[in-house]
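**Q** Please read through the structure below; I'll follow up with questions.
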Amino acid sequence: MPRILGIDPGSRKTGFGIIEIDGKKIKHVINGRLMVGDGEFADRLRQIFEGLTDLIERYQPDMMAIEKVFLHKNADSALKLGQARGAAICAAVNQQLTVSEYTATQIKKAVVGNGHANKAQIQYMMSVILSLPESPEEDAADALACALTHAHHSAIGGSQSKLPAGMRTTRRGGRYSR
């Protein structure tokens with residue numbers, strides 16, 4: 001049963017979520033946020049790397065999906081976000097995980113069906129799809145959505161039976177839909 005680690009990167013809080021694919025079912029393993037201190041930026045990157053390394057060693061995911069950096073009006077924020085992503089990717093690659101990247105629009109479209117969905121819609125869909133007792137925190141919901149997007153995209157072009165229930169795709173008008 002493959003496990004997918006989803007990451008919503010951030011330089012102060014990094015969301016994570018792990019799902020497991022069991023035939024046509026998706027099982028929730030864990031989700032949360034890795035909170036880093038207010039110290040030096042290099043130390044925060046180390047904390048992200050070490051925190052995700054510990055998570056990977058404990059839960060043994062097979063692959064990682066991470067949200068791509070979107071364009072920021074503030075160049076400094078975009079650079080810091082990119083460096084946080086780099087720390088997360090290095091942690092995964094260092095543990096021999098394959099890494100796939102998805103844009104926020106791809107993730108929203110795969111999970112909600114609308115590339116312009118808001119955070120509350122992502123949280124709601126994650127609680128419904130994964131049968132969670134309550135909605136996960138925003139960062140964790142985004143990370144779970146990223147993992148779910150990878151489960152969906154990695155099956156496109158392959159056998160439809162690889163997709164979890166409710167995630168069948170059909171090709172309509174040049175687009176995939178649920």
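Using the three backbone atoms N, Cα and C, a Cβ is placed for every residue, glycine included.
Relevant sequence annotations retrieved from TrEMBL are reproduced here:
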type     : residues : note
ACT_SITE : ASP8     : active site
ACT_SITE : GLU67    : active site
BINDING  : GLU67    : Mg(2+) 2 binding site
ACT_SITE : ASP139   : active site
REGION   : 156-178  : region 'Disordered'
COMPBIAS : 169-178  : compositional bias 'Basic residues'
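Tell me what's around each of these sites.
**A** Note: ASP8 (active site) has non-local neighbours THR14, GLY15, PHE16, GLU67, ASP139, ALA140, ASP142, ALA143, CYS146, i.e. same-chain residues 6+ apart with C-beta under 8 A of its own C-beta.
The DSSP secondary structure for GLU67 (active site) is strand.
Note on GLU67 (active site): other Cβ atoms within 10 Å of its Cβ, all shown chains, come to 25.
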**Q** Can you tell me whether DSSP puts ASP139 (active site) in helix, strand or coil?
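**A** In the DSSP reduction, ASP139 (active site) maps to helix.
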